[in-house]
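As structure tokens, the structure follows; a few thoughts come after it.
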Amino acid sequence: MKIEVLGTGCSKCQALTEATKKAVAQKGIFAEIVKVEDIMKIMEYGVTSTPALVVDGKVVSSGKALSVEDVVALLEGGGSDTPKQGGCGCGGKC
């Protein structure tokens, strides 16, 4: 599993990195955790708000520092807390 933490190094980005490391250790998951601070690479994922969490190439969270429990839930469920973005601005509800 490859987990990328996208962010420019702000305190929320650092908090998400630490929460991710703790979640991986807590679950006993083998994962490569990579910090991505290059704004061009971040933009390639379509992320406009950091920090963001990417698991195996899929953005699963964007715009908030998650708790350890939140990261564990995302890793266990393979879900996402980031709504799909439609072209209309409804947040993916259309």
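Just so it is clear, glycine is given a Cβ too, placed from its N, Cα and C backbone atoms.
Per TrEMBL, these features apply:
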- C10: active site, nucleophile (ACT_SITE)
- C13: active site, nucleophile (ACT_SITE)
- C10-C13: disulfide bond (DISULFID)
- 1-76: domain 'Thioredoxin-like fold' (DOMAIN)
Among C10, C13, the most crowded of the active-site residues [Cβ within 10 Å]: C13
Per-residue pLDDT averaged over the domain 'Thioredoxin-like fold' (1-76), given as an integer: 95
